[in-house]
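Annotated in TrEMBL:
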COMPBIAS  1-16  compositional bias 'Basic and acidic residues'
DOMAIN    79-510  domain 'Major facilitator superfamily (MFS) profile'
REGION    1-32  region 'Disordered'
TRANSMEM  77-97  transmembrane segment
TRANSMEM  141-158  transmembrane segment
TRANSMEM  165-184  transmembrane segment
TRANSMEM  190-211  transmembrane segment
TRANSMEM  223-246  transmembrane segment
TRANSMEM  252-271  transmembrane segment
TRANSMEM  345-364  transmembrane segment
TRANSMEM  370-390  transmembrane segment
TRANSMEM  397-417  transmembrane segment
TRANSMEM  423-446  transmembrane segment
TRANSMEM  458-479  transmembrane segment
TRANSMEM  485-504  transmembrane segment
Amino acid sequence: MTRRENSEGGDEDRHFQPLMMASPTTSFKVGDVEKKEILSDEQVPEVRSSSQSSVDSVEEVTTMDELLEVTTAWRPYPLFIIFSMSFLWSLCALSAISPAFTASTEECVNATSENCTFWTVQNEFRLPTTWILQPGELTTSVYFLGNLLIGQMFAVVADRFGRRPIVIASLLFTGVAGTLGAFAPSFSLFLVARFVQGSCYTPLTTVNYVLSAESIPNRSHSITSIFFGLSWVAGYCFLAPMSVWFNTWRSLQFATAIPNIIFALFLMFTLPESLAYSIEKNDRKAVGRWIERNETLSCRRIAHNLDLIMEKDRQTATEGLTVVQTLKTIMANAEISRRMYLETLLWIFTFMTYCALSLTSTNVGNSDPLVSFVFSGAVELPAYLFIPILLKWSPRIPTRCVCHLTGALSLIAMYYLSPESTWHLPIWLLAKFCAACCYIFCFIYAAELFPTFCRSCCIGVCSTSCNIGAIVAPHIFVVDSVMPGGQFLVLAVVGVACAVLSCLQPETKV
């Protein structure tokens, strides 16, 4: 006899199935005798409505998609998952962008002098600077080199061992490595710490996003992604006051690393595995706990059949191609391969421009370093809101080209503007805004560009390759030693090249 047929036995069935309701009665007295009368259904609509008010659905939930639609993204438990996972983007922003202060190109003679507000790694280790290389810039290059070489391995392992353990382990690794780096006795050991931190960048920006997406309905993905963007901007901007409170590279490195360890310990006791992954791995206990916690925090019961949920969705999860089969199919399809190659180049050039502008945000003309840095982070906020809304009505390719060309024109104007000009900072912010728009556009367009069966694989290639741009970005400033302001011309040429490459891609808006 199946569990569904044996609905009268077992505590688990009584917990999950709707409770049987006795027929309602009313009592009255005739003389000294109390009598009870059974009321009909029509006489007690209020009673039935009240008894069912704490049940989320009258129909029994039998699939994962139905379960996510019933729980939505706005109940306490899904919201906790969204907020906790998006907060990791703030922590990543602190570690990824910190070289704008810890390894700034501004010269500082003495940490106590009036003209010096921050003691950098160059000052402490007396790093020699040549016309072709500034060693301090390696703190950024090595960070993204770690992500390029190791970061994607964490993402692959997450498909085998789960999203939750990889996210928590990555938080611990980046926190411990960053903390040890703050006490590094040499610059080379500090670079080792940065390499380890960078290797955790992908799991803390991608795997956590996947965990969140697999715990909410599909229709909520675009809206909840805004929380991740806002979290990145918050971490980016918060780095400015932190550089005032912790005005040496060691103290700032420690202050940006230790929250990772604290938050990892917190998530050990609170973060669940993603619902989709638990079902795919046939982990009934994890799925049951996920539903029970959702019911407890929202104070609403969910009528569901756990057997059918596990059975149907596991059958769906096992369908599809393996990784090797997917790669062979992509290589055999000339059109998909062409799209992937072009999009990979666009991601590399776009991320290079974004990182180059972010790293110079503390040295924009004669502006106050902290003011320009905060503005450079805040200007990304409209980009996260502007592009998703604009793309609801506008075609993809023309919009992408306009963003790249506007950024290129802004950078050309920067080359001719004097640093003392009042227009210097506003034009630079326009260029940064366009760079942020183009970077966000990469994710939105790539999700539409590739077929479903190879979408994750193709986007993975693009996101991995874009680290090449981040590695090159800090060294573009070498051009300034030959031609002052030449970095802006280089980035402008890159922007024009991106606009041309965009025109070679197909339009995806129907």
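Glycine too: its Cβ is placed from the backbone N, Cα and C atoms.
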Which of 77-97, 165-184, 223-246, 345-364, 397-417 contacts the transmembrane segment (458-479) most, counting Cβ pairs under 8 Å: 345-364
Tertiary contacts of the transmembrane segment (223-246), as residues 6+ beyond its ends and Cβ separation under 8 Å: 73, 82-83, 85-94, 97-98, 100-101, 117-118, 209, 212-213, 216, 252, 254-256, 358, 370, 373-374, 376-378, 380-381, 384-385, 388, 440
Highest-contact recorded stretch vs the transmembrane segment (345-364), from 165-184, 370-390, 423-446, 485-504, CB pairs under 8 Å: 423-446
Chain residues outside the transmembrane segment (252-271) and at least six past its termini with a C-beta under 8 angstroms from it: 80-81, 84, 87-88, 91, 94-95, 98, 101-102, 164, 167-168, 171-172, 174-179, 181-182, 197, 239, 242-243, 245-246
Local confidence of the prediction over the domain 'Major facilitator superfamily (MFS) profile' (79-510), expressed as mean pLDDT: 83
